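Engineer: Structure provided below as structure tokens; questions to follow.
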Amino acid sequence: MAAVLNNPLTIHLFTPKIMLLQALTDSTMVAPGSGDGLSVLDLLIKGGWVMLPLGFLFVATIAMMIERWMGITKNAKIEQSFVNNVKDFIQQGNLKSAESLCRNQNNAAGRILERATGRIGYPIKDIESTIENASQIELQRMEGSLPYLGVIAGIAPMLGFVGTIAGIIRIFYDISISNDFNISTISGGMYEKMITSGSGLIIGLIAYAGYHLLNMKIDRFALKLQMAASDFLDVLQRPVASR
């Protein structure tokens, strides 16, 4: 056994493995101490300068989601009682009351039906065109800043990766200058630079989810609006008591 251990070939084969095991052991012993008491803020600061634009994108994402959610919720209301009252006024020939009721709604459906009511007396095709154009305007208005959420969903992860790659380049540059190549140095620098990738992915996921959820809300409103417009056009083709 002693002869095998003292064999030069055996020593040559096992020496690198022993050195690697020793490096891993040393880095494992040092790592816990370096991470003690590390807060979330400290962790984010270690991400470097890339965390500044990522932080701006995060704040912008949350602000746009809240603003669009409130705006869409306010404008996407279509109460069946409102549609029925407008139809009743039109059936009675009371167009001024119908327009006044639409105006008082102060939402997308009210503005669309108000414009359509103002076109009563023109051919049905003209009224349909008015409803379609007004609907497109209101839907575009509802989207508002939503396209920016889609842009952030794509930019944030890529910006995070740029920060990570820049950090890795910096690590290997420092190693080439100092010739100090050990696992603790690499792992310490790597975990700091991976923070930007993780932050970018989280921001991208939030923006992506917000973009699609809010678009689904707009799509549901568009369907309800189409049904209300269909009811409105149907009542125009019924006999009118008096106008």
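Here the Cβ of each residue, glycine as well, is placed from N, Cα and C on the backbone.
In case it helps, TrEMBL gives these features for our protein:
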DOMAIN    121-226  domain 'MotA/TolQ/ExbB proton channel'
TRANSMEM  48-66  transmembrane segment
TRANSMEM  148-173  transmembrane segment
TRANSMEM  193-214  transmembrane segment
Engineer: Please indicate, using numbers and ranges, the residues of the same chain that are 6 or more beyond the transmembrane segment (193-214) and have a C-beta under 8 Å from a C-beta there.
Structural biologist: 43-44, 46-48, 50-51, 54, 57-58, 61-62, 64-65, 68-69, 72, 146, 149-150, 152-164, 166-168, 171
Engineer: Please spell out the DSSP helix, strand and coil residue counts for the domain 'MotA/TolQ/ExbB proton channel' (121-226).
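Structural biologist: Split by secondary structure, the domain 'MotA/TolQ/ExbB proton channel' (121-226) comes out as 97 helix, 1 strand, 8 coil.
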